[in-house]
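Have a look at the structure below before the remarks.
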Amino acid sequence: MPEPVPEAKPAGDELPPADGESATTELTGLFVEKPPDNVVAVAGSDVTIIAKVDSTTLTRKPTMKWLKGKWLDLGSKAGKHMQFKETYDRNTKIYTYEMKIIKVVPGDAGGYRCEVTAKDKCDSSTFEVSVESAQQEEQADILSAFKRADAGEDEGDLDFSALLKATKKKKRPEKEEPEIDVWELLKSAHPSEYEKIAFKYGITDLRGMLKRLKKMKEEPKHSEAFLKRLESCYSVEKGKKIVLTCEVVDPNVQVKWLKNGQEIKPSAKYVMEANGNIRTLTINKTTLADDAAYECVVGEDKCFTEVFVKEPPVTITKLMDDYHVVVGERVEFEIEVSEEGAHVMWAYEDQELHKDKDSTKYRFKKDGKKHTLIIQEATLEDIGMYHAWTNGGHTKGELEVEEKELEVLQDIADLTVRATDQAVFKCEVSDDKVTGKWYKDGVEVLPSDRIKMTHVGRFHRLVINDVKPEDAGDYTFVPDGYALSLSAKLNFLEIKIDYVPRQDPPKIHLDTTGNMVSQNTIIVVAGNKLRLDVEITGEPAPTVVWSKGDKPITETEGRVRVESRKDLSCFVIEGAERDDEGNYTICVTNPAGEDKAVLFVKIVDVPDPPENVKCTSVGEDCANIIWEPPKFDGGAPIKGYLMERKKKGSSRWTKLNFDVYESTTYEAKRMIEGVMYEMRVFAVNSIGLSPPSLNSKPFMPIAPTSEPTRLTVHDVTDSTCTLKWLAPEKIGAGGLDGYVIEYCKEGETEWVVANQELCERQGFAVRNLPVGEKINFRVVAVNIAGRSPPATLSQPVTIREIVEHPKIRLPRELRTKYIRRVGEKINLTVPFQGKPRPVATWYKDGQPIDPKMVNVRNSNVDSILFIRSAEREHSGKYELVLQIENMEDRATIEIRIIEKPGPPVNVKVTDVWGFNAALEWEPPKDDGNSEITGYTIQKADMKTKEWFTIYEHNRRTNCTASDLIMGNEYMFRVYSENLCGLSEEPRHSKNTAVIAKTGLVYKPNTYKEKEMTCMPKFTQPLVDRSVVAGYSTAISCSVRGFPKPKIIWMKNKMIIGEDPKYLMQNNQGVLTLNIRKPSTFDGGKYSCMAVNELGKDEVECKLDVRVATDPDKK
């Protein structure tokens, strides 16, 4: 394989790098074969680009993306124009990716990129596609490369122009003008004139024009107005927000923003901001109309960028149904898409369908998210597969059309007429639009003065007036367009005149050319009309009696009747039924004798429906159906069966065969995996089609999964083998229920199932294996459809323990002293390795641990030491010993359990001088199993006894208290401190420190107390109030008096007790009575009385409670 190297591109043709990418992509070696740098295609032909990826070093399936330009994902354009294919070679483990462009158009030219990613690895390759026209006209080629069938400057790239066929319009002859270089003209023009020039010279793809013009321009000179220009391009999803940012030199300069050369006005959609040197344009809720070129203008300088708006793919939410119709019926293919107004492309087989003004064969209908293809009158030429494409989905439906069957409602009856009489042949068919022709003995009957042919609705008549002997013969009616004919015979009855009176015995003349299949047997289809015209001769006229068995038939009206004419006796059965079957006797008598004939009438009908239709097995796209023959065959042998199927929930049945199928077992094919189907069967005999059978139970075509992948041996012991694998590459609609693990000894063929129940995980340990044997293993995936092909190991596995030295992997946090507080939980997990399984033993301070104090749990790979609530006695050195036979490994963990210390000892004041006092103490007797980190000293004045901290974290056992106040006496207390914090209790000093006065004697004046007693007096009275019922209120007043008076609240001179409706408050003589949600009954006079030993005082007010009124009712 050649070593992959970075691609080199010709100068001037480089595409600007995407955000976050360098100009050249460094390949990582995933591509075995990459597309050529330049692909040249001829317009109208097909082109295929191939890339191959090596997956031998990959842990998962790679993902391939085909991109056009910088961001346009071509996967959303998959359809009739662009097709993508992926294949995998299991032997070489190489994925082959193909991109095929059908009927290349000029718009397909440009830069492309294919990207492959697989977890943390990626690779990419770029290539150019050039399109050459069949006629090498340089100027036409340049312009055609930027023309689209659906012009519109703001329509964006995300459309179906690539799927539509290019139409060539005939140009009118124009006068020869000197050639003008359009691109030189555009380079020198102002951007505001681009649209005008493009319209003049026929360029409709403004975006493509701007791209080409951008490549042709020279490198921009250094800007004096911009510190940082706009990015070369921006991409945003439709409906999202995008911010265009640039940086200018002058923070006070004003900028203008242009879109396609037109100035943008500030609005809710376009927000322009200036922040120092930064200038931003924010476009809210982007649409395809925002896909354009933008400029930021500062004076004469400007910078450009392009915004590409990506439209999310439109998916198909309701798939297309199959149709089975007869010729002339209307067909409506209906789908639903995820967004309203989406574009849907319809196609028949490989041909795209368009709305044609000259033809009304196809109609296209849009109703919100519903799209419908309507075929007005289906013909046999319309049989095939119909497709619907969106830019994010595809669905198809099959149309089957069969010729319309014509049903005969009334057959032609044989006639026997005399000379000069009128003969009328009449028949009725099911379709009133059907025309036909009449034939006599194979020769077409033409109308004349005697012969008339009429067609009224469903009835066709042939009337022959003045019947002559040459009119006798066989008459046939043949409907146009149907392989069907109706025949009857016209018998001419000659009248003979005997001049000599005589007597002739009666004679029955039976016509055996009609419905008789054998001598005296007549077959009648159930529901049809039977008419037997029996010619009778004899002189004198004989008497006719019809009977069925021994019962004579005398009715002349009704469904079964007898009609008599001269020389004829007619036996009629209207709408034959099965009970009409039997032997019928006609007996004619006259004085000269009698004659008798026996006729057997056999009623035949369509058979009963088949029974017990059910599905016996399914495949990926097929199913086997069986059924039982009908109980009654209708009196005629069963010729075969017709089958139909439909999707569950749908009402459209699809025929599976047009020719009768003789067996009662059928394999239905061309079904979609994962879709529920129902089947029904019709029985067919010579009479017709039976009613349909009951629908089968719904069934789903599914297939087993592919084999599991990457089956490997994870571990082996003397009696077990642990296997691991990955899920199958193809699972399908049947899902995955689990795995079955099987094994067999080398040289044997009998496989033993290792797991009794399905294993849902992707790993399993097979146990109880014989030591030293070579065992083959295989794994089978199972789902509802059955077992997958097995995944097997390339060679057998020898069941033998692999000896591995014991090794303790002590975690980093346990390699130093492990400190915890009293009451905390300790859970230490120490991993180790070794085979066979090591024996793990814990020791504390050289002695085995007490299981009542410490819990230990050992596994194959680790040992866990657990203490639910740590105590001081749990401190110590713990040693883990790991042993395998005579090999061992050790690890030591030091655990210290700490708590708060006790108070210091012997706190005393050792010296007092000036405003200072010296203190000393001794360390606490209990340090809490942790080093003392310091002390906290506090002082308190003996008068106030309020404590103040004078030292924190004091490490020494002595200190000096300064800035003490002269004349005060102080006491002290000390807390000890360790890692857990301060001690619970302090230690008080045994003596106090008195700060003596120096030379000053204070002689206070004699103090005479003032007389403060007075009787109660209200300083603020109660005020009358009017309140609304239901709203809490309060009334207030203020009083003074010493000693403090007792307050009494009254309503209507009645003392208010401990009623929860009232809340009484007294705050420094301000009295408040709160009334909670008063009603009209709470109105009245409220008074407040203050009483002490010197007297009393009282104030009162009136409270009016009114009912609230609703303003809307006024």
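Using N, Cα and C of the backbone, Cβ positions are placed for all residues, glycine too.
Looking at 1-23, 70-92, 783-805, 806-828, the range tied to region 'Disordered' in TrEMBL is 1-23. Mean pLDDT for the domain 'Ig-like' (220-315) in this predicted model: 86. Applying DSSP to the domain 'Fibronectin type-III' (707-802) sorts its residues as follows: 0 helix, 45 strand, 51 coil. Helix, strand and coil counts under DSSP for the domain 'Ig-like' (806-894) come to 6 helix, 52 strand, 31 coil.
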